[in-house]
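Structure first, commentary second.
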Amino acid sequence: MTLALTGHAVSRGIAIGQAHLAERNEIEIGEFRVQTGEVEAEVARLRRALDAAREQLDTLMTRVSKGAGHAASEMIQTHMLMLADSSIGEAAEQRIREDRFNAEWALQAQLEQILAEFRNLDDEYIRSRGEDVVQVIRLVQTRLGEEAAPPTLENIPDRLANTLVVAAELTPGELALLHERGVAGVVTEHGSPYSHTAILAGSLGIPAVFGVRLVQNLVREGETLVLDGRLGVVYADPDEAFLGHYHEIQRITSRFRKSLDTVRERPAQSLDGEHVVLQANAEREDEIRMAVELDSAGIGLYRTEFLFMRGEAPDEATQTAEYSRALAALDGRPLTIRTMDLGADKTGEALDFSLVRSSMNPALGLRAVRLCLRDTDLFKTQLRAILRASAGGPVRCLIPMLTSVNELMTVRALLDEARAELEREGRPFDRDMKLGGMIEVPAAAMALEDLCHLLDFVSVGTNDLLQYALAADRIDEQVAHLYDPLHPGVVRLMRQIFDSCGSLRMPVTVCGELAGDRRYTRLLLALGLRSFSMYPGRLLEVKQMVIETHIGRASAALAHWLNLGHKRHEVPLLNLLDQSQKDS
């Protein structure tokens with residue numbers, strides 16, 4: 001009997017093969033206090049482990065860069081940066097000296113503190129960076145023993161063709177090594193769909209499902225598995241008919257992937273001649289390079305939070321250099337830089353891990369522009385850096401989570417101050433740099449006309465907008481079913497946003513997950529959207545859907561659906577939109 005196991009859809013694609021259960025040489029964390037006279041020896045032991053971990057990551061980065069490419073080596077480099085962060089090594093040393101913890105315990109205590117702080121972050125993408133911290137600290141813990149073995153997966157065959165690796169979790173480096181050996185797909189018990197490992201799986205084209213509870217207990221070694229990366233489902237012990245069905249889907253998917261290459265050079269233009277702008281969301285240079293290779297019109301959302309999570313707030317020069325590198329990689333395309341979208345309950349210090357504290361409700365607390373306006377020195381430093389980067393090419397500044405005109409007026413005043421300071425200092429910058437606002441709060445969506453008088457463009461963050469509009473956290477399993485982009489109230493809210501922007505001649509882009517999900521492309525086009533920003537790996541899929549859509553027909557179908565009243569639930573909206581393309 002076929003067993004269906006559900007998890008997070010991480011990397012699309014179908015994989016069929018035999019299960020291989022990967023084991024990990026786990027370690028036990030002993031907890032004891034060292035004698036006063038042994039403290040310095042314990043600190044030296046910790047430092048040796050940190051050096052050994054750095055050496056191992058350096059060796060791994062050199063190896064995977066040959067097989068998995070720049071994306072994998074850059075993610076391993078992220079782990080190396082974390083390893084050098086004061087919130088890990090120096091903080092653990094402090095626990096040894098002040099509390100006389102043994103090194104393993106000091107690292108574990110620091111890990112638990114950091115994870116507690118990450119859990120209070122509202123942004124899922126940033127919250128998932130906690131997995132990287134776990135992986136880095138575990139690496140150091142395994143190197144503390146004099147004869148400690150590196151934390152690798154055990155019993156992995158040299159060749160993994162037609163094999164699906166089933167593991168508790170995977171680091172980016174481990175995934176890169178599995179890719180080198182030809183793995184067909186991967187399944188894990190733990191892991192976020194926004195982790196670096198998940199992003200790398202998508203970049204390498206490895207079908208993957210993460211977060212499948214108890215999968216290592218429910219699947220047998222050598223058992224036939226079917227992994228559906230579109231749905232986030234793994235099927236164990238399928239019968240012949242089921243296998244045949246998925247082999248056919250595999251063939252169709254393969255043809256679809258090949259067809260995407262044919263649209264790479266074509267303009268993003270609908271069947272009825274409407275031009276659509278397709279941009280990418282990015283945080284790292286490899287994502288920017290991928291976007292350029294896929295003919296992206298630019299970066300519609302460049303995340304900056306990673307700069308503020310390295311133990312101390314970055315200075316102006318560091319930020320300017322980072323933004324300038326991103327701009328240079330775009331080869332003349334525009335870069336939209338989002339100011340930091342982090343949450344905390346106090347300001348005026350470096351935004352390291354220890355600053356991100358608990359809140360009664362982090363999603364509704366002090367975060368994004370609210371935090372920036374509490375620490376205006378920190379915020380103005382970022383604004384100055386963005387302005388300075390604008391001297392090198394087309395840069396736009398995007399403010400997250402705007403709610404009121406008063407917030408926006410304060411932002412404008414700080415931006416004017418930053419401009420005046422740079423002018424006095426004789427530093428070059430683009431005096432006409434555009435300022436945009438993210439519409440993520442329903443109240444801001446309803447008051448868009450008031451905000452637009454102070455904005456040059458608008459970006460809609462559908463992830464938070466839907467969460468707030470539906471009062472449902474999509475990663476909370478108990479209410480995730482309520483997170484419905486097709487809810488009539490959500491559809492009407494988005495139409496109101498696009499209609500308002502149209503009447504105000506205000507450029508508008510959607511940069512949430514809906515923008516990169518081809519299932520919703522026709523809906524967004526029918527609602528009036530003409531600018532999308534998404535994960536680079538989704539650009540060609542969305543472009544193909546744009547090319548195959550007659551927007552006029554889709555708009556008429558949407559209008560019909562909205563006028564159905566209480567009968568709307570009887571007519572699936574997406575099916576209706578697809579059917580409209582077949583009608584002459």
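Keep in mind that glycine also has a Cβ here, set from the backbone N, Cα and C atoms.
Note that this is a predicted model, so its numbers are computed, not measured.
Annotated features in TrEMBL:
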DOMAIN    6-129  domain 'Phosphotransferase system enzyme I N-terminal'
COILED    36-63  coiled coil
DOMAIN    163-232  domain 'PEP-utilising enzyme mobile'
ACT_SITE  H196  active site, tele-phosphohistidine intermediate
DOMAIN    260-549  domain 'PEP-utilising enzyme C-terminal'
BINDING   R303, R338, N463, D464, R474  phosphoenolpyruvate binding site
BINDING   E440, D464  Mg(2+) binding site
ACT_SITE  C511  active site, proton donor
Check: Which of the listed recorded positions (H196, R303, R338) has the least company, meaning the fewest other Cβ atoms within 10 Å of its Cβ?
Finding: R303
Notebook entry, point to check: Cα distance, the residue listed as 'active site, proton donor' to E440 (Mg(2+) binding site), nearest Å?
Noted result: 11
Next item on the list: For H196 (active site, tele-phosphohistidine intermediate), just give me the three-state DSSP call.
Entry: helix
Next item on the list: Check the Cα-Cα distances from the residue listed as 'active site, proton donor' to the recorded positions H196, R303, R338, N463, D464 and tell me which is shortest.
Entry: N463
Next item on the list: Between the Cα atoms of H196 (active site, tele-phosphohistidine intermediate) and R303 (phosphoenolpyruvate binding site), find the distance and write it as a whole number of Å.
Entry: 15
Margin query: Using DSSP and collapsing to three states, where does E440 (Mg(2+) binding site) fall: helix, strand or coil?
Written below: coil
Check: What number of additional C-beta atoms lies within 10 angstroms of the C-beta atom of N463 (phosphoenolpyruvate binding site)?
Finding: 18
Notebook entry, point to check: Where DSSP helix means H, G or I and strand means E or B, what are the helix, strand and coil counts for the domain 'Phosphotransferase system enzyme I N-terminal' (6-129)?
Noted result: 78 helix, 17 strand, 29 coil
Notebook entry, point to check: Looking only at the domain 'PEP-utilising enzyme C-terminal' (260-549), what is the mean pLDDT?
Noted result: 88
Check: What count of other C-beta atoms do you get within 10 angstroms of the C-beta of E440 (Mg(2+) binding site), across all chains shown?
Finding: 25
